[in-house]
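Structure first, then comments.
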Amino acid sequence: MALPDRNKKSKIFTLIYNISGGAINAQFIITVIAALGAIATGTILGWSSPAQSMFESDETLLSFTVTSKDTQTFSSVFGIGAALGALPAGYVSRTFGRPASMMLFEGFLLVGWVMLVLPTSVWLLSVGRMMQGIGAGALCAVIPSYVGEIAEPRMRGRLGTIFQLFIVIGILYSYTSGAFMNYVPFCIACGFWVILHFVGALTIPESPYHLMNINDPNGAAVSLQILRDSSDTTEELASIKTFIEKQKSQNYTVMEVLSNKVNRKALLISIGCMFFQQMSGINVVIFYMNDIFKSTGANMSPNACTIIVGVVQLIMTVVSFTIIDRGGRKALLVISALLMAACYAGLGGFFLIKTHSPELASTLSWLPLVCIAVYISAFSIGYGPVPWILMGEIYSSEVKPIGTSLTTCTNWTLVFVVTYVSTELTRWLGQAGCFLTFSAFCLMGAAFAAIIVPETKNKTLADIQLKLVGKSKIPPAAVDVVGTTEHVAVENMTTTFS
């Protein structure tokens with residue numbers, strides 16, 4: 001795929017920037033445009049819940065029958081596709097550039113939506129979800145990496161949170177449109193964001209890191225001038241050049257990386273956070289939210305409950321945007337996990353009461369909505385965004401390509417495993433047992449964060465590496481040893497594979 005002409009792209013973005021009167025930071029505008037792909041991903045994550053309700057309420061909706069086992073399969077197979085898409089994302093973005101890679105992977109989302117709009121069999125629904133998973137998994141690697149590369153250190157946390165915020169907006173969009181639209185218009189309305197992001201990616205500048213990596217310093221200078229609203233970017237450009245040269249000089253095998261105790265500890269922390277993020281059951285709640293509310297027997301419409309929870313999630317994600325650079329990563333993880341455990345315990349208790357005392361349960365019909373709303377809030381301020389941010393902070397440059405690949409693959413593989421097994425878990429243990437199991441995992445997640453995860457707030461990558469070693473003071477040469485400065489720390493934001 002040929003990269004669109006850079007000068008033309010710069011002119012298009014400059015026009016957008018001028019329309020805003022220059023009052024909005026260029027990095028913010030570009031991040032918003034790039035993160036439209038997160039809304040497209042969010043609509044895919046939120047699709048399962050309303051679509052499943054449509055299939056159950058109208059058996060003539062499709063020309064074939066969709067069983068509960070089919071729903072379990074095409075809902076969870078998305079995770080397999082995402083794991084497969086995440087693996088080559090770094091290589092593709094390094095070869096074609098960040099914006100061009102975004103456009104390429106949006107193609108997988110578009111093909112997936114076509115299959116979902118016009119399915120002729122159940123397997124086509126599963127293939128469509130798999131295609132969407134490939135595209136979404138790759139976008140979850142490319143977009144945060146791009147945002148991390150274009151952001152100044154002082155804005156890195158806030159701009160990085162926009163990606164999570166837009167995923168939540170996409171989920172809420174799916175919940176809302178699915179409540180008021182028929183199946184085909186619903187799918188088309190969700191697919192609209194794919195087209196919008198594709199067009200938006202045509203207008204944003206290439207990452208200066210990528211341009212420097214392909215030996216285009218003039219292009220990198222132009223890109224950096226657009227991003228910084230300034231012509232004086234000489235020092236930062238030199239810093240980027242030094243970092244890229246250092247990266248190119250480092251070539252480690254997997255065994256060499258894993259033989260280092262500090263690298264193994266970083267892998268443990270990052271993969272552990274992702275493990276407990278998914279074992280908190282977040283995607284079970286998102287994928288099957290309508291079913292959960294139906295099973296409570298509450299008087300309120302399941303669609304209305306789902307939309308309320310979506311709004312709460314959006315509000316709390318905005319809150320996380322304001323506190324992520326103020327509250328400690330460790331504290332947010334611990335508080336988040338403890339609150340989620342309490343909410344799951346409340347849900348488990350409700351279903352136990354419903355089984356043994358339906359009359360009492362009818363007076364507590366408000367409890368599931370409150371528990372899920374608080375649960376989503378807790379996830380949104382802690383175990384939602386923090387593991388992704390930690391992954392961008394915890395790895396040294398030598399372990400980053402391997403570490404981020406393993407971590408992201410672990411995350412998406414667990415999406416499949418947890419969403420698929422949760423249905424079986426409900427059959428084995430009942431709904432109460434399923435929720436209490438997730439509560440136990442959340443408690444383990446709190447203990448993991450409290451005991452294992454280091455505090456990384458306001459620390460450079462060099463400081464973090466020294467903390468992993470067990471040292472508290474940074475020697476003058478440490479920055480060079482780790483291969484970074486505070487400015488260059490933006491390179492590894494979230495899920496970069498290059």
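Cβ atoms here come from the backbone N, Cα and C positions, even for glycine.
Listed in TrEMBL:
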DOMAIN    30-457  domain 'Major facilitator superfamily (MFS) profile'
TRANSMEM  12-45  transmembrane segment
TRANSMEM  73-92  transmembrane segment
TRANSMEM  104-124  transmembrane segment
TRANSMEM  130-147  transmembrane segment
TRANSMEM  159-177  transmembrane segment
TRANSMEM  183-204  transmembrane segment
TRANSMEM  266-289  transmembrane segment
TRANSMEM  301-324  transmembrane segment
TRANSMEM  331-353  transmembrane segment
TRANSMEM  365-390  transmembrane segment
TRANSMEM  402-422  transmembrane segment
TRANSMEM  428-453  transmembrane segment
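In this chain, the transmembrane segment (365-390) touches the transmembrane segment (301-324); three or more CB pairs sit within less than 8 A of each other, excluding pairs fewer than 6 residues apart. Through the fold, the transmembrane segment (159-177) approaches residues 27-28, 31-32, 35-36, 38-47, 49-50, 143-144, 147-148, 151, 186, 189-190, 193, 286, 289, 303, 306-307, 310-311, 313-314, 317-318, 320-321, 324, 380, 384-385, 388-389, 392, 493-494 of its own chain, all at least 6 residues removed from its boundaries and within a Cβ separation under 8 Å.
Three or more CB pairs closer than 8 A are found between the transmembrane segment (130-147) and the transmembrane segment (402-422), so contact between the two stretches is assigned (pairs 6 or more residues apart). Sequence-distant residue pairs (6 or more apart) of the transmembrane segment (266-289) and the transmembrane segment (183-204) include fewer than 3 whose Cβ atoms are under 8 Å, leaving the two stretches without contact. Listed as Cβ neighbours of the transmembrane segment (402-422) (distance under 8 Å, sequence separation of 6 or more from its ends, same chain) are residues 72-73, 75-80, 82-83, 86-87, 90, 133, 137, 140-141, 254, 257-258, 263, 266-267, 270-271, 274-275, 277-279, 281, 283-284, 287-288, 387, 391, 394-395, 434, 492, 495-497.
Summarising model confidence by region, the domain 'Major facilitator superfamily (MFS) profile' (30-457) averages a pLDDT of 85.
It is 104-124 that, among the stretches 73-92, 104-124, 331-353, forms the most Cβ pairs under 8 Å with the transmembrane segment (183-204).
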